[in-house]
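I have placed the structure first, in the form of structure tokens, so that the comments after it can refer back to it.
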Amino acid sequence: MSKRDFYEVLGVDRSADEREIKKAYRKLAMKYHPDRNSDDPDAEEKFKEASMAYEVLSDKEKRSAYDRMGHAAFENGMGGGGFGGAGAGNFQDIFGDIFGNFGDIFGQSRGGGGRQRRGSDLRYVIELSLEEAVRGCKKEISFTAPAPCETCDGKGAKNASDIQTCSTCGGHGQVRMQQGFFAVQQTCPNCGGSGQEIKNPCNDCHGTGVKDKSRTLEVSIPAGVDDGDRVRLAGEGEAGGAGVQNGDLYVEVRVKEHPVFKRQGADLYMDVPVSITDAALGKEVEIPTLDGKVKIKVAEGTQSGKLLRVRGKGVTPVRTTMKGDLICRIMVETPVNLTREQKDLLRQFQDTLDGDSKHHQSPKKKSFFEKLGDLFD
């Protein structure tokens, strides 16, 4: 049994109330539950340690004894008198009090007196264009995963009469391991949590009830999904085997880069190139949107980097009704590959600007040199 202070194990003060103790245990149970940490051999021990601490500190009588005597309170008569009756209680009841009916948060479902395993969840990454993600679509996906054996219909046995209640766990799927004063439940080593024994296994799947199979599914992608969103297909994951629930399939969305638009939440962004003359004189410019072409007004004297908002031309994110906007960034283009005549005309035009500085025809330039003057005065 763990010799660490139980309050330290749960990370609570000695004055913590019942609510604080339950909250601390829930956090640790979520973090270290063996079903979520199959690749971490230390997680199960930490989970047991937290469970032991909670079993004592959540019970007023046990907590009082622990506060007076520490671990010594439970080192004598652990299996019989004293606190023996309470200590022999079902650990599953403790866990159920904390998590209610949310056993499948650990990839398992609760059934009968114990908790049965379920097949593993699967992940499939699907690439969509921006248009497909915004409007929604249907996609076919193909993958190979464990599926119910067709020979035995997923039962794992040649005949239904060959399936019997597990003699080790009595059909509960779990066995209780006594650790001194505490009782901790673990998956039954005989039936693997299914609660059943197969006396005459199927020759094709060797009693597992599953075989790898290539599958093709049609997935409905809802309108408005974004990069990283997931679509859950319940029961379409890995087959759990004989008497065990299937896992789920999670289709993860990857939105391909668009040549024109970039998405940020509900809004779309795009760069709109305009010539120097159009920016200086103003012009109505036609731009693309996901709903078709629209015109925007580039006002006279518009500077490069100016943002113009087109209302309602963005995206309606999934599970919302509010549509975003299209944000247009004006990019004033400097002409290149000018002829000699064009260069001369531009110099003449520049001379007219230099001679009429009182009208501030280059506001950014004026502001820049004013700041320089303030800096070096």
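Using the three backbone atoms N, Cα and C, a Cβ is placed for every residue, glycine included.
What Swiss-Prot records for Cys149, Cys152, Cys202, Cys205 is Zn(2+) 1 binding site. As annotated by Swiss-Prot, Zn(2+) 2 binding site applies to Cys166, Cys169, Cys188, Cys191. Annotated compositional bias 'Basic and acidic residues' per Swiss-Prot: 367-377, in sequence order. Feature annotation from Swiss-Prot assigns domain 'J' to 5-70; the stated evidence is sequence analysis. Swiss-Prot lists 353-377 with the feature region 'Disordered'. The repeat 'CXXCXGXG motif' annotation in Swiss-Prot covers 149-156, 166-173, 188-195, 202-209. The feature zinc finger is assigned by Swiss-Prot to 136-214.
A gap of 21 Å separates the Cα atoms of Cys149 (Zn(2+) 1 binding site) and Cys166 (Zn(2+) 2 binding site). Taking every recorded stretch in 149-156, 166-173, 202-209 and counting its Cβ pairs under 8 Å to the repeat 'CXXCXGXG motif' (188-195), the highest total belongs to 166-173. Residues near Cys152 (Zn(2+) 1 binding site) in space but far in sequence (CB under 8 A, at least 6 apart, same chain), listed by position: Lys158, Cys202, Asp204, Cys205, Gly209. Excluding Cys166, Cys169, Cys188, Cys191 themselves, the residues of that chain whose CB lies within 8 A of the CB mean position for the Zn(2+) 2 site are, in sequence, Ser167, Thr168, Gly170, Gly171, His172, Gly173, Gln174, Val175, Pro189, Asn190, Gly192, Gly193, Ser194, Gly195, Gln196, Glu197. Taking all protein chains in view, 23 other C-beta atoms sit within 10 angstroms of the C-beta of Cys149 (Zn(2+) 1 binding site). Of all the binding-site residues given, namely Cys166, Cys169, the one with the smallest number of surrounding CB atoms inside 10 A is Cys166. Under the three-state DSSP scheme, Cys205 (Zn(2+) 1 binding site) falls in the coil class.
In the repeat 'CXXCXGXG motif' (166-173), the DSSP tally of helix, strand and coil residues is 0 helix, 0 strand, 8 coil. DSSP gives Cys191 (Zn(2+) 2 binding site) a coil state; it is part of no helix or strand. Under the DSSP three-state reduction, Cys152 (Zn(2+) 1 binding site) is assigned to coil, being neither helix nor strand. All chains included, 27 other C-beta atoms sit within 10 angstroms of the C-beta of Cys191 (Zn(2+) 2 binding site). Every protein chain considered, the tally of other Cβ atoms within 10 Å of the Cβ of Cys202 (Zn(2+) 1 binding site) stands at 23.
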